[in-house]
Amino acid sequence: MKSVFLLEAFSVACFVLLNQVTAKNSEDIRCKCICPPYRDIEGQIYKQNVSLKDCNCLHVVEPMPVDGKDVEAYCLRCECKFEERSSATIKVTIIMYLSILGLLLLYMVYLTLLEPMLKRRLFGHSQLIQSDDDVGQPFANAHNVLSHSHSRPNMLNKVEHAQQRWRRQVQEQRKSVFDRHVVLS
Amino acid sequence: MDPAADPYLPYDGGGDTIPLQEIPKRGSNYVMTNGGGAPSTTTHLLDFLEEPIPGVGTYDDFHTIDWVREKCKDRERHRKINSKKKESAWEFTKSLYDAWSGWLVVTLTGLASGALAGLIDIAADWLNDLKEGVCLSAMWFNHEQCCWTSNETTFAERDKCPQWKSWAELILGQAEGPGSYIMNYFMYIYWALSFAFLAVCLVKVFAPYACGSGIPEIKTILSGFIIRGYLGKWTLMIKTVTLVLAVASGLSLGKEGPLVHVACCCGNIFSYLFPKYSKNEAKKREVLSAASAAGVSVAFGAPIGGVLFSLEEVSYYFPLKTLWRSFFAALVAAFVLRSINPFGNSRLVLFYVEYHTPWYLFELIPFILLGVFGGLWGAFFIRANIAWCRRRKSTRFGKYPVLEVILVAAVTAVVAFPNPYTRQNTSELIKELFTDCGPLESSQLCQYRSQMNGSKAFTDNPNRPAGPDVYAPMWQLCLALVFKIIMTIFTFGLKVPSGLFIPSMAIGAIAGRIVGIAVEQLAYYHHDWFVFREWCEVGADCITPGLYAMVGAAACLGGVTPMTVSLVGIVFELTGGPEDIVPLMGRVMTSKWVATKEFTHVTLAREVMRPRRSDPPLAVLTQDDLTVDELQSTINETSYNGFPVIVSKESQRLVGFALRRDITIAIENARRKQEGIMLNSRVYFTQHAPTLPADSPRPLKLRSILDMSPFTVTDHTPMEIVVDIFRKMGLRQCLVTHNGRLLGIITKKDILRHMAQMANLDPESIMFN
């Protein structure tokens with residue numbers, strides 16, 4: 001599955017680069033000031049899109065709820081933090097993740113449900129009896145099918161071979177993890 | 001004088017003299033040959049006329065590697081490159097590339113680990129919040145990001161904004177009321193179940209090795225074991241995808257252990273790009289050590305803790321060069337993660353808190369209590385989990401992993417939803433528990449303080465209603481503690497990626513916070529007691545329950561996993577404050593106690609070696625007496641992994657050691673490639689073929705697979721020295737000789753059996769790990 005690996009490596013690289021290259025959305029920075037309750041004023045949160053140097057109580061807390069002489073006391077209790085995020089990174093990440101998940105789901109459905117049905121339709125019922133494994137196993141018919149394939153172009157044969165070898169490996173792994181409980185208890 | 005009879009001549013198995021340049025090579029594929037029967041002095045160290053047999057020098061699945069052979073292979077490769085360095089500019093560049101390829105591999109590993117960790121964090125947060133609702137304006141934002149720009153958030157309810165709609169609002173159209181509560185409940189369970197089901201199906205169909213935590217198996221791999229496919233591409237992809245699903249489904253598990261596995265997969269995959277690492281198993285493990293440091297670094301945001309973890313826990317063979325490379329990988333990974341900025345505040349971990357509040361001497365008592373709780377919980381959890389895993393292995397219940405996951409996820413979701421502390425993400429819970437209640441906090445955990453701080457002038461507000469008293473959050477926390485303890489026992493060991501660090505920290509944090517609030521209440525209501533009067537003034541908060549939560553988290557983490565220095569390092573980097581290190585270290589030390597092993601009587605090598613008196617004799621091969629048929633029958637009748645080669649049955653003098661796998665591959669290869677090899681062909685391990693009658697079939701030379709320098713000890717060697725040799729050299733077997741004659745063999749398993757026996761036999765010996 002070299003192609004899958006390359007795709008993944010490519011997407012990871014794109015992801016890292018995109019993060020650096022994306023222009024910062026002006027909505028992605030903010031200064032957040034939290035002011036606790038003061039006398040009879042409720043606690044408040046103030047947010048504004050200001051830059052780092054303007055991120056203090058005087059610039060952000062508007063309208064100021066107290067009068068001139070109390071402003072300093074009020075502002076001393078407030079805590080202002082500058083925060084930034086990258087919404088583009090989040091968007092790209094979620095979309096990439098959902099697409100990989102969707103592809104895997106489709107492939108899983110194909111392997112477990114569609115392929116046995118297709119093979120059964122193409123090669124008839126008699127071939128299925130030959131395998132020892134439980135028919136419920138997803139990859140049981142793979143080995144038999146390979147021997148019946150008529151000559152195809154080399155590339156497709158190679159892909160088919162690689163896939164069969166991978167399936168056998170996964171079946172081995174499944175046996176040692178799920179059946180014999182040798183690894184990973 | 002016949003060389004065979006002269007005891008002072010070194011015996012090379014044929015030929016009259018040994019050319020002075022000849023140096024026996026261990027397991028190398030280069031053969032010193034002179035192409036004929038006559039001795040010659042022109043053998044060159046690096047000449048090879050026989051091509052190396054493909055497949056020799058590799059290892060079977062579920063076998064250990066030969067550390068000495070791999071190190072020798074690496075030294076040989078390095079020597080070859082260095083000797084060619086001065087020939088041309090191209091060779092010089094190649095030698096530079098070889099020297100720097102190590103740094104390149106760890107850089108790539110750090111980059112990949114950081115990127116994948118960022119992806120996992122962002123995706124897990126989003127999926128987690130998907131259980132509660134969606135952000136209509138931008139579907140890819142989670143709850144916090146959705147309300148980021150809104151101005152409708154208030155001080156008391158920091159999460160409310162109109163863009164974020166819960167499922168009840170979307171489906172029923174109303175946000176409050178019993179109907180919407182039930183709808184929210186139902187949707188929460190539905191999403192949790194579907195995530196768990198997807199996760200276990202993907203693991204089962206594509207990569208069964210992706211389940212579990214991964215750290216124990218990586219420790220095994222790093223100590224020299226081979227598990228094929230454990231660090232492969234499919235395992236990496238499935239582990240990343242299903243880890244997000246498993247965390248989002250609300251199961252009581254964490255993502256730290258799996259992140260180490262992911263990082264090691266990246267390290268393994270990148271090491272295949274460089275033949276220096278892909279062909280040598282020992283060098284590959286150096287890269288994996290660095291990769292595991294990068295994994296811990298992105299999991300906790302603690303690069304130095306990651307290096308310490310790799311050094312203390314995971315690595316078997318850790319030269320100084322690996323220390324620098326591990327640190328570099330950890331830093332690169334942390335830097336990449338920081339630049340992705342998944343949590344929006346330039347922190348690497350959600351629950352980073354800065355603590356600069358002092359603690360008092362009397363608080364050591366509750367800290368020690370928390371330490372004891374951590375140790376007890378660790379022992380209880382380990383025992384219960386092992387019993388449950390044994391039940392899973394032996395009964396039919398273990399045959400339905402998918403059903404098991406769905407059941408556990410359903411129970412978790414059903415019980416977790418009503419309690420606000422278990423409904424939220426575990427990392428967020430830990431953050432809330434770590435954060436101390438100040439005037440800026442308005443979480444439910446801090447509401448009782450408004451009653452307590454009635455004496456403070458500024459917060460005194462006769463119009464504000466009295467907040468709920470302290471019992472409500474305490475009850476909820478106690479229930480959350482019990483729930484988490486029980487569910488973690490059943491969750492760890494499911495066939496989905498699961499880590500243990502976050503649930504342990506959560507349990508410890510909840511327990512710590514409960515203790516902290518209790519002590520705080522005690523100090524408030526009984527401030528005239530002696531202990532409090534000394535250090536606490538009336539009305540001032542001298543107790544910080546958040547600190548208790550941190551100490552509790554460290555205690556439980558130390559109780560369930562055997563980390564000492566790395567645990568302290570990780571917590572140190574999480575909190576950024578050396579003031580709190582003393583209670584943490586003291587607490588960690590109380591749950592560990594190391595003493596040295598003592599033997600009261602000396603065991604010699606001949607008492608441990610095989611064959612024992614009642615066993616059949618040692619299965620050996622003679623150097624030029626065997627036929628292919630006899631060799632194959634010896635291999636088929638026994639199940640040993642290797643056979644010593646001796647001069648002859650009469651003299652029993654040792655020539656070398658040959659591995660079963662290498663012999664099998666060599667015979668197969670000879671059958672296929674060489675003409676005239678038949679079942680009664682003579683097999684010889686010597687330099688020159690033995691004299692044979694004229695009509696005999698062509699003999700088979702197997703000298704290239706023979707290890708000419710096996711480790712030997714005499715039968716009177718004390719076992720402590722033998723154990724030391726095994727440990728330091730990473731041996732798999734060691735031959736025992738007496739007066740130069742082969743007597744027996746000691747394998748790694750015999751050593752382990754001997755050490756276990758020593759622990760039971762000798763009642764005066766004290767051994768902790």
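Keep in mind that glycine also has a Cβ here, set from the backbone N, Cα and C atoms.
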- Of B:131-156, B:547-572, the range TrEMBL tags as transmembrane segment is B:547-572
- Query: Can you check which of B:230-251, B:318-339 TrEMBL lists as transmembrane segment?
  - Reply: B:230-251
- Item | the transmembrane segment (B:287-311) vs the transmembrane segment (B:360-382): 3 or more CB pairs under 8 Å | no
- Taking pairs 6 or more apart in sequence, does the count of Cβ pairs under 8 Å between the transmembrane segment (B:230-251) and the transmembrane segment (B:402-421) hit 3 or more? yes
- Long-range CB partners for the transmembrane segment (B:402-421) (under 8 A, at least six residues beyond its ends), listed in sequence order, are 184-185, 188-189, 192-193, 195-197, 199-201, 204, 249-252, 392, 429, 444, 476-477, 479-480, 483, 487, 490-491, 494-496, 510
- One stretch in B:188-210, B:258-275, B:506-527 has more Cβ pairs under 8 Å to the transmembrane segment (B:100-120) than the rest, namely B:258-275
- Is the transmembrane segment (B:258-275) close to the transmembrane segment (B:360-382), in the sense of at least 3 CB pairs under 8 angstroms with a sequence gap of 6 or more? no
